[in-house]
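Positions annotated as domain 'G-protein coupled receptors family 1 profile' by TrEMBL: 303-550. According to TrEMBL, the transmembrane segment annotation covers 291-312, 324-345, 369-389, 410-433, 453-478, 499-521, 533-553.
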């Protein structure tokens, strides 16, 4: 034992020479800087144990560091040292039983060939290290793998490298998904072989009695026993081709190491098990969602980008409705970007998400996606509410021009919405809930009271916004429903248009809010897997529908669109037609306006009704 000698800075080569009866060597808590020469020990003892610990100045394990130390079973306890890397062939010439590398906080790299030339190890412990990957060679013999608190180890080698693995204690639950798949493959392979041998055994058991052979030579009637004394049911396993060892020894055939109790395989155990928030599946889970999300995000991005482009480049005066529509389109465009990001990562990691889960959920990608979706969702709901209130205000106070909403009023209102949306989206990045909880990067962490309050606040505000929108549209409908002013067919069209607007809002908000509120109270009514259906089919409904319901389907937008296209030499005839119609409507409006001191309630209602019908 060499213990607690901080002043020991160097051990000369050959210091440990020809020690055939040495069973245990411990060098701990010293000041040595270079790995000691252990290659001349030549111990003959079985189960030799080498312990190197708390040597903080020792940074490297060189090539052939243990060659010649012992030719029997070897346990290496190399923990709490200053190791930063382990070189190629470092364990060459050893028969490793256990290789303990835990608590080497600075150990970041093990060469892929570090275990080349070695037999084993059966047990590998790399817990509490800074390793980013395991060596690609020499993992086939490992039966127990311990990698707890190894937060930099985010990816595992190919699963076929762990052909003998029976127990894994890891840092991240997603990695156990990989071993769950491996366990299933082993089980299926074993069952297939077992079924084949079972059929052969059954056929042998059912042979006629005159074909059953005994040890008594007088009963030898089989050609099998003519050459050698071999009996199918002999008690001597070496003389029976159908002995249990012959029938059930599949390790060489399958490449997997199993113990059998009448062909029962060992169970590969892995902890920590995946939880309800991170099941063993790809980001989107279902194949049909993988197709739908591309269609939806392209529709949302293309539709909202077109609306933004047309409204921004229009040479007509920027009115309050145009300004609000620009904000709504930008919010819904951000939602499309979120869906595009989720769809792209899902396509890249399909089938192997377990190996990318940690990088994705703890990295900037998921944080960016989460910020986009929360910001877009809140700004969209806020803007929809403002647009609805503005429409209600316009028709309710049509006679009072001094109460008309101006652009100077709308700008600070929307500025408040932007500040609110940014603040809500930033909070999970500051520790209030988290975007890392699930693969779709929504703030589903409700472990703390503050996080739970944050989720409930968002949901309650969304429900209140939906109620405000519904109430305003009902009041608008009542205001314009005047049989003396509006024809019955127009009244029906207005009702249908309002119903569509409210239905899209309800479709988007109701399912999400209902299940999210129940989950916020820790009474989940839906799994994360099923919630992904809501994410794709309901969550982005507004983002896809808004540009069409509020802009693209209106005559004003079509006019601006064709006027923009005419600048590039396209659709000139349609653009000219829209110019003439606009000029005629403007002239007519001026003439009607000159006969009165101000617009009547009737004219305002008709104008608003016309806008709805567009």
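Even glycines carry a Cβ here, placed using N, Cα and C.
A TrEMBL annotation is a machine prediction, not a hand-curated record.
Each of 324-345, 369-389, 410-433, 533-553 was scored by its Cβ pairs under 8 Å to the transmembrane segment (453-478), and the highest score goes to 369-389. Within its own chain, the transmembrane segment (410-433) is flanked in space by residues 320, 323-324, 327, 331, 367, 370-372, 374-375, 378-379, 382-383, 386, 390, 443-446, 450-451, 454-455, 458, which lie at least six positions past its ends and keep a Cβ under 8 Å from the stretch. Long-range contacts of the transmembrane segment (369-389) within the same chain: residues 321, 324-325, 327-328, 330-335, 337-338, 341-342, 410, 413-414, 417-418, 420-422, 424-426, 428-429, 435, 441-443, 458, 461-462, 465, 468-469, 472-473, 505, 509, 539, 542-543, 546, 550, each at least 6 residues beyond the stretch ends and with a Cβ under 8 Å from a Cβ of the stretch.
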